[in-house]
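Novice: Copied straight from TrEMBL:
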type	residues	note
DISULFID	86-96	disulfide bond
DISULFID	185-195	disulfide bond
DOMAIN	18-117	domain 'SRCR'
DOMAIN	122-210	domain 'SRCR'
């Protein structure tokens, strides 16, 4: 390991760390990198959105929201003399390639400032959906298991579903065998950051939220060429056959699609095969004009869930 340290320190051109300075919070500020024990600001021309994505991820923040020279003032010291060449998938800015800058001047007002969106610091893992799974919190550069006492798990789950925009809490299950750092919520908080926490280990928890299923898609196909795109959406010639297809992302096996027709109680149901279902209409007539939607139903985690597509508005027109 001593040889590795020597190799790192002998490369005087490698940045040792990165910070955001003079911002409104820990997810914004002027980008500065440390090299040879001193901090240097970075020129706007040497830092693009892919570089910004890496820095935002390194700080546990969300995607870049603003990237601009002079956004958070000028640095006191020198300017970094390389251009970053991140691909966007690196976990640290130090992992990115650099290249020599084409010209060596960085004009005043061009020290790059970065605003990342608020941290995506809570996630649910292992449940097949962003709205189901074991609770993890991004803390000090890594994802850690969250735990709570049995009597408080329901309140913690309510806050997690709310923070993720996943609707209400459907159920709370024991987590995996891992215990996590303890969180206490009263259920009124908008995010886990507002709850009190301790590093005493508590049982992990798995949370299932109501918006488990992604929104399905609905689309119209016509093998005979009877559809054309009107101002209000698709228009269908009378007498032609057409198909309305419902589909969803492959989250869970099985399930079924219900095709609803607005303004009547006419519905059709088909099982989901390869996460889709096709509803065939043999000859279009005026009774087919109206709004259609697909409702995907599935029974998972011992509960029924459903999700509805956008409306498809179909007009029937002359022969």
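Numbering starts at 1 and runs along the chain as displayed.
Cβ coordinates are placed from backbone N, Cα and C, and glycine is handled just like the others.
Where the annotation comes from TrEMBL, it is an automatic prediction and has not been curated.
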Novice: To the nearest whole angstrom, state the Cα distance for the pair residue 96 (disulfide bond) and residue 195 (disulfide bond).
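Specialist: Between the alpha carbons of residue 96 (disulfide bond) and residue 195 (disulfide bond) there are 36 Å.
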Novice: Where among the disulfide-bonded residues 86, 96, 185, 195 do you find the Cβ with the fewest other Cβ atoms within 10 Å?
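Specialist: Lowest Cβ count within 10 Å among the disulfide-bonded residues (86, 96, 185, 195) is 96.
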Novice: Rounded to an integer, what is the Cα-Cα distance in Å between residue 86 (disulfide bond) and residue 185 (disulfide bond)?
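Specialist: Cα-Cα, rounded: 39 Å.
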Novice: Can you give me the average pLDDT across the domain 'SRCR' (18-117), rounded to a whole number?
Specialist: 85
Novice: Please work out the helix, strand and coil residue numbers for the domain 'SRCR' (18-117) from the DSSP assignment.
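Specialist: Tallied per class, the domain 'SRCR' (18-117) gives 16 helix, 39 strand, 45 coil.
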